[in-house]
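Input: a single structure, listed below in structure tokens.
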Amino acid sequence: MHKFTLLLKKESRSIIAFAILSAILVTLLLLDFDKNLFSEIFHDICVYTREFVGYSTVFCILVLLFLIFSRYGNIRLGGEKAKPEYSNFSWFSCLVMAGMGIGLIFYSQEPLYHLFNNPYVGNVSGTPEEIAYSLTLYDWTFNVWALYGLLSIIIGYLYYNKGRALKLSSIFPGRTQEWFKNLIDVLMALGIVAGLTTSLGLGVSQLKSGIDYVFMTNVNPYLLMLIVGLVATWSVNSGLKRGVKWLSNLSSILVFILLVVISVLAYMNLNVSNTIGYTLNGIGNFIRNYIHYNDYANTASDDWAAGWAVFYQLWYAAWTAFVAVFVAKISKGRTIRECAWGVVLFPAVFEAVWFGIFGSAGLPVKEQLYAAMQDNLPQSVFFFLHQLASGGGYVALSVLVMVVICFFFITSSDSSSYVVATILSDDKEVRSFNKIAWSLIQCVAAMILFYCGGLALIQSASVVLGLLVLAIIILGTIVFLYILIRDEK
């Protein structure tokens, strides 16, 4: 009985998080909730908090610049003699696959959407194509990775150099009330689950749409979720240095092959020859107009700010704890400066190339592709592939994209399961049971949400949790800077 009591106390955060998640899922199954109401709540939250969100991301970027160019950038996570446990290739692969993953495929034609729905044309310099592409960079690059990078440095420094726990609550000193730390951990875990289930729902809807569109069938989406969930469970149980690392490396190779194939086919079949110019001009436009983009109050449309820029930032913020803990864990042996440059700059460059290739390739068929996006967004990427190739080549290219979606799906699921188990556990090394349990729980949660069509509810929950996380990051950054300046004299 005594051992059972100790176990309950030790796993209290996991039990609370599971109970809250179960209550939400049961409510979704039993009640017929008003989806329009949650959509309105989601919209209003994004509109009324947009200035706070914009200034918060700028604050994170400024702190990162301070760490890069100050003497504190020389501090090595794990001490002066610590060596990196992952090669640069594996490290970068894990960053991109865990931090973005499924969204890169689902929103691969975002530059085209902004071309037809652009609140900034006439208000900032540049051609409509340049502005549309630069808005995509704004949504996907420096703002989000500044959040990820700053928090991963904070958690990594406190974990490897100060001996604190590998979780967001470790930012706050030991005398902080235990209930407050537990509350932070539970909220972070729920935010990760909410963000993941949303992403998995998007991924499965696109995977199903692709299989149905290409092979003229009607595949069961729950079977897809189950298969991918089981593979993710195997991966997370294999450990970071085996399963997650191996899958991330393989995903990076497949993504590189995909980008090369699309570039070649776009050049051969659609006469796209200005991908480099399109990308470089868009990057220049992004740099010139960054300050204007960050001032959401000047956006011509509240709906655009709520549906894109602010939603992205808050969705990422809810997801930040997952990426930050994961990145901190794999960054031992690297300096703060190296982490800041690597976590922010490399993924941003990769995403600029990704959207540059997809965006430029879609321009020759922009009207048809935009119509396909309006009709069926998850399926539109496969319509786009059909413009690049036909016959067996189209099928092979579509299968490659489906495989990449699966790998994105798996790498996001297994790494997030590891992080949720880490956040909610007091153990130095997370037990296999906890990792397996949370991997399966997330898979079941995604199935239930897909069945209920609860995306609006999860989006609302994500932005609320994102606001809380953003406030905690700002407060935690101030505490971290105080500790850093005090202890690293």
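Start at 1 and count along the chain as shown; that gives each residue its number.
Using the three backbone atoms N, Cα and C, a Cβ is placed for every residue, glycine included.
Annotations in TrEMBL come from automatic prediction, not curation.
Copied over from TrEMBL:
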TRANSMEM  12-32  transmembrane segment
TRANSMEM  52-69  transmembrane segment
TRANSMEM  89-107  transmembrane segment
TRANSMEM  142-161  transmembrane segment
TRANSMEM  182-202  transmembrane segment
TRANSMEM  222-240  transmembrane segment
TRANSMEM  252-270  transmembrane segment
TRANSMEM  305-328  transmembrane segment
TRANSMEM  340-363  transmembrane segment
TRANSMEM  383-410  transmembrane segment
TRANSMEM  436-458  transmembrane segment
TRANSMEM  464-485  transmembrane segment
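Using a Cβ-Cβ cut-off under 8 Å and counting only residues 6 or more beyond its ends in the same chain, the transmembrane segment (340-363) has close neighbours at 64, 67-68, 73, 91-92, 95-96, 99-100, 104, 108-112, 129, 132-133, 136-137, 140-142, 145-146, 148-150, 152-153, 259, 262-263, 265-266, 270, 272, 274-276, 278-279, 282-283, 327, 334, 369, 384, 388. In terms of C-beta pairs under 8 Å, the stretch of 182-202, 222-240, 305-328, 464-485 lying closest in packing to the transmembrane segment (142-161) is 305-328. Under 8 Å from some Cβ of the transmembrane segment (222-240) lie the Cβ atoms of residues 200, 204, 207-208, 247, 329-330, 406, 409-411, 413-415, 417-418, 432, 435-436, 439-440, 442-443, 446-447, 450-451, all in the same chain and six or more residues away from its ends. With a threshold of 8 Å between CB atoms, the same-chain residues lying at least 6 positions outside the transmembrane segment (89-107) that come near it are 140, 144-145, 148, 199-200, 202-203, 206, 244-245, 247-249, 251-252, 322-323, 326-327, 330-331, 334, 342-343, 346-347, 350-351, 354, 377-378, 381, 401, 404-405, 407-409, 411-412, 415-416. Of the candidate ranges 252-270, 305-328, 383-410, 464-485, 464-485 contributes the most Cβ pairs within a distance under 8 Å of the transmembrane segment (52-69).
Sequence-distant contacts of the transmembrane segment (252-270), counting only residues of its own chain at least 6 positions beyond either end whose CB sits under 8 Å from a CB of the stretch, comprise 89, 92-93, 96-97, 353-354, 357-358, 360-361, 364-365, 387-389, 397, 400-401, 403-404, 407. Within its own chain, the transmembrane segment (383-410) has Cβ neighbours under 8 Å at 97, 101-102, 104-105, 108-109, 200, 203-204, 206-207, 210-211, 213-214, 228, 231-232, 235, 247, 250-251, 254-255, 257-258, 261-262, 265-266, 269-270, 358, 361-362, 365, 368-369, 372, counting only residues six or more beyond its boundaries.
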